[in-house]
Amino acid sequence: MFNSVNLGNFCSPSRKERGADFGERGSCTSNLYLPSCTYYVPEFSTVSSFLPQAPSRQISYPYSAQVPPVREVSYGLEPSGKWHHRNSYSSCYAAADELMHRECLPPSTVTEILMKNEGSYGGHHHPSAPHAAPAGFYSSVNKNSVLPQAFDRFFDNAYCGGGDAPAEPPCSGKGEAKGEPEAPPASGLASRAEAGAEAEAEEENTNPSSSGSSHSATKEPAKGAAPNAPRTRKKRCPYSKFQIRELEREFFFNVYINKEKRLQLSRMLNLTDRQVKIWFQNRRMKEKKLSRDRLQYFSGNPLL
């Protein structure tokens, strides 16, 4: 009934045909990236290393001489020229050895030096310690054990007369200077007491009718006031004519002055605010007294 149909036309091309077709196209595009291709992994083991083990020319670094070597010595065993912690006994012993070699001191004095400096390293220092050390030790060892030797002269000036050395002349001079002024006040007090006694004698002569109780009462304050300094009255500072004229002019217009005007006057007259305030208070009291005197004079009434 049906004509025979060649199914090969409807089927996909065979594997051989596809391979031939792919080979033709692959020759054209051999240098293109194909997803189905595997990646090439080179073998670097066969290639020689870039830096040989024994280079023919040594590379010199310019900063190699400036880099300090690695410190393998402990901190306590370093030479005593460096600054150390105050509780490191190893530095104390190193300092003693260096001093012994420098000053050529016998071994017996080294123990004295260690005992002398034990307080400065251990923290238990007594200025009046009986241990003695040779004079050469103080010439080479710092007096402060922290700062360099150049700072010893400052410690000599600051702590004069302290510890082992005798008192220096500047300190003794200061003590003498302090002790000398103490004598004049005694003589001055004596003269003041004599002057007070003379004044009391004059009062007795002028007032013979005064009772004994009042005399003793006046004598006790005199004795108590003798040791104290005499009360000197504050020196009066009179105002100049220009200041008085300006103050009187302001008082003529305003008997009571406000704060702003008071500050203005104090700046203009080179006075303090308190001086202007007190002057106006005194001037008001004076004006009150003058007005009362005028009223008494014109009225003829003495009771006013």
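Numbering starts at 1 and runs along the chain as it is shown here.
Every residue gets a Cβ built from N, Cα and C, even glycine.
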> In Swiss-Prot, which of the ranges 52-111, 232-291 has the DNA-binding region annotation?
Replying inline: 232-291
>> Please count the residues of the DNA-binding region (232-291) that DSSP assigns to helix (H, G, I), strand (E, B) and coil.
In response: 42 helix, 0 strand, 18 coil
